[in-house]
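Enquirer: Submitted below is the structure of interest, expressed as structure tokens.
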Amino acid sequence: MGNQESIFSPQQLEAYQDCTYFTKQDIIRIFKRFKEIDPSRIQQSKMSNLHYCQSETLPADKLENIPELRENPFRRRILEVFSQDNSGDLAFDDFLNMFSVFSEDAPREIKAVYAFKIYDFDRDNTLNKTDLAKTLKTLTQKSRDQGDLVDGENIEQSALTETEENYILEQVLKEADLDDNNELSYIEFEHVVSRAPDFLTTFHIRI
Amino acid sequence: MSLPLKSDTKHLSESSLEQSTKKVKSILVHSSKVQHQRKSTRHQINLAFQKDCDIQSSSPDNVDGAKYIVSTFSSSIDVIANCNEAVDAETLKKENETNDFRLPSFKQRMQRMQCLTLRSFKAKQERAQQQVAQRVRTIIQLSETQSCINYTKRFLKGIKSMFDALIDLWYRLNFWSQQFREIEGHFGIATSTYFRFTRWLVNLNFMVFFLYLCFIYIPQLSYNNLSDYFTVVNDTGSGFFYNKMVLCSKSYKEKLTTRRANHHWLTFLDIAQGTGFLENTMLFYGFYSNLTVSLHNDFSSRNVKYNMGLGYLLTVGISFVVVFIMIVRKSSTTIKETVMDFDNTAYPLYTNAVFGGWDYCINSEKMSVYKQRIIYNEFKATLWEVKMKKKRENRSTREKSKLYLKRLIINLVVLALLVGSFYTIYLTTDYLIKNQTENLSEFNFLMVNYLPSIVISILNAIVPEIFWALSKVEEYSNSFATHITIVRAVFLRLSSVWVLVVSLYYRLHYKGRKPMDCPEENMYNVTRCCGNTLWESIIENDKLERRTVKCWESYVGQQFYKLCITDFMSVTLIVLSIKIPRRIIHHHLQHRIWVIKKLGRAKFDLPLQVLDIVYSQTVCWMGMFFNPLLPALTFIKVFYFFFLKKFELLSVAEAPQIAYRASRSYSFFQTVLLVSFIIITCLLGYMIGNLKPSMSCGPFRVYSSDEFVMFDVVTNEINSWPTVPQKIVRYFETAAFYVPAFLISLLSIYYYLAVTAGYKKMEELLKEQLKSEAHDKQFLLARVDEIIKRGQWRQED
């Protein structure tokens, strides 16, 4: 328990514990993970400085490669949403905030807020058809740099046809769009996601 | 709002028109937002979004708009004031007071928004509590009881921090969460619900074991240094039965301790079958004595009485109640989400698939590829279902009748299969009992003993596969086919245990041979001796003496013990001898032999795995009464299964191609468990209320009357209470209690159904209201546009 106190000041830890859904041990652990990503940039001694916590950022390319985010097709959007200037670079505050939102204890409302932002590709605060189409494409089709052979089995890269995609998008709008303006506002999104049973369980990253 | 008048139109410039339009729009938008206010926090979030929107889209000149935003924003100042890391509240207040308003930078706004969303939910309550606590503290400091309350508070705080430290330590051990991280990373959350379920069962078994430990094991162990025979419950007329009991018990004990050649092979047999020395241990019911001990303490003159029979019965009862409560509590949290499935119109199928589709937990490359395939397959399957549904509606009558005929035939086939399996089980049990007292060699006897369990295991492995194949012929929709196969498989598994029990009952209590040499006085003209029907063997033989059934409860317990062991062995063997070789063969030969490639790797099929675990648990519950040590055994067994299945999952199986929804899976597991639990309770209840216990063993040896059943222990206890409590308890047995209670429960169910229907109606109405309000808003905006345009034309004229 000795070096726990030396990284963060007690007030900081209290504040972090209040602000997020983590215990003190978790926060220390997450900090260690954060440091591992790029040890040369993060100096442990400075972490008790609040300003340092918020300003010293890690670049998006390195963050994309951590095991929790590496296989996620939405990783770029996640990083952009949680960063302070939409660039994808996260400071420790943002990093902690991100995993707090994705933790098991975060309530549905918080997750809905951030999910809405993640799926809103063009950042216009509504989910219109282009946003939904992009979401669907990202879900079913992943860009692969290497070949399509995994474990000796050939996996064909199949995709949904145009008509199928349109049908699915239409159904989504039919289920969710309450005021018939062909796009989902935050309220509609939150309303429909509160009835979707899988959302809470899948929108969760364990660290 | 003031619309430009006709006379003023000439003087209006374009920019001010735009300004007023924007003002109107913002006010309309604001009013619509206010209507959606459900909680103040949500309102703030909406405002945050709206602010962002407005701030980004409006020009810096639009001071009015900005001022309006700030005024609504300042209502949430106290939230912001406590953000340590974000904006300084003082500067914000200062900004408000000066008219020279500058919009905060984007970074600051983002921070504020983050603060709002994070803090609003947690810190707000904490802060309110702290304020109250602060006030209380100041008041208390002025009062005289200061020191007392302070100490209490400090003490409570100390306890709380101790608990926190313990929980921290538990998480530090990181035991379960590490396992789950591995599983979820590779296979997603749906598969990990199976493992969560297993872990929950481990906890359940541990609780039952703990109860048993306190009330059954420890009292029994403390009796062991007392004499062989027992002080008896003080019943009237029990002297006669007491004597009988002594004779029977003596005879039984003699049988158990018959000397024989001490071979290792025989010891192994004993362990495998639960006979011989193992029968005389705590493992079986027969070991427990009917003791009511009076302990004389030296330092107190009180007699401590512990009625073993009562304790045994009540412990079993309470453990069942505890299990029931835990199952119901667990299922009620998930049933809310399952209910939504039933109401298909309200279930957001596509939205759920799109927004809840990707499992964010996945961190292995292989699994992410698989997951995409699964999502893709699910979409394809749903679209195919839609097509099929259309096709089904367009079926001609002729096709329909053919299909119904096919389904009827298949249902008959399924029924025939089930009946055939049950009859097989009955035959084997019959065979077992017939051969119980025949002259067989040791090895053959072992085989015969294990025959029912082995048959049940084989049937459980093969028949569900046949059901699965049959369901494909029936042409149901995919989900319905899965469900119906699972229902059939569940029925088979549960009923096989049930059939075993019933056939044992039939054989042990109805059809026995007339004993020749009953140690009790031959009062009965029936084939019953000391409460057992298979007391004697025909051939007087040292070896066979061991094989007579002198304590039917222990005998039934032995069958359950064998079932437990067979289950354990069969699951281990299947993994070791079937799944691992399959994997190895597949890995090496798949490119050369086409058949092997087609068959693919073993799949970790969730429903069938769940049935395995539920079956183990069912065996435990059924046998809990006859084998008091069975919860401990099952605890170890389920714990072992967790790791065995995990090994199977990670190294042998491949991910299933059909997506199992996590929430549905969990509630499905709970439902299956609950159904099996209820059936078992009914069976056990019947047995306790109706069957005569043995006189030679167990805690219910001493009959208190001719028609003694196990439940009479409780009745006798109640009879020994004073009049008033007795009358109260008796009241609960009469119809005067049951009928009103039943009526009240019916009425409350009806009330809740009516309330639910009312809520549903309200939901429909609110949806309609939302729609019409949005339409209203659009209509009004269109009108405003129209009027402004008219104003513009007039201006141009």
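Cβ coordinates come from backbone N, Cα and C, glycine included.
The transmembrane segment feature in TrEMBL is assigned to B:200-218, B:309-328, B:408-427, B:447-470, B:490-508, B:625-644, B:665-688, B:735-753. Summarising the annotation, TrEMBL assigns domain 'TMC' to B:551-663.
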Enquirer: Residue counts in helix (H, G, I), strand (E, B) and coil for the domain 'TMC' (B:551-663), per DSSP?
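Expert: Counting residues by DSSP class gives 87 helix, 2 strand, 24 coil.
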Enquirer: Tell me if the transmembrane segment (B:625-644) touches the transmembrane segment (B:408-427). I count contact as 3 or more CB pairs below 8 A, with pairs 6 or more residues apart.
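Expert: Counting Cβ pairs under 8 Å, fewer than 3, so no.
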Enquirer: Count, for each of B:447-470, B:490-508, B:665-688, B:735-753, the Cβ pairs lying under 8 Å from the transmembrane segment (B:309-328), and report the range with the highest count.
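Expert: Highest pair count goes to B:665-688.
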Enquirer: Would you kindly check B:490-508, B:625-644, B:665-688 and say which stretch has the most C-beta pairs under 8 angstroms to the transmembrane segment (B:447-470)?
Expert: B:490-508
Enquirer: Who are the long-range neighbours of the transmembrane segment (B:665-688) in its own chain, taking Cβ under 8 Å and residues 6 or more past its ends?
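Expert: For the transmembrane segment (B:665-688), the nonlocal Cβ contacts are 190, 193-194, 196-197, 313, 316, 320, 323-324, 327-328, 330-331, 334-335, 337-338, 486, 490, 494, 498, 501, 505, 606-607, 610-611, 614, 617-618, 621-622, 625, 709-711.
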Enquirer: If you average pLDDT over the domain 'TMC' (B:551-663), what do you get?
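Expert: Within the domain 'TMC' (B:551-663), the model's average pLDDT equals 80.
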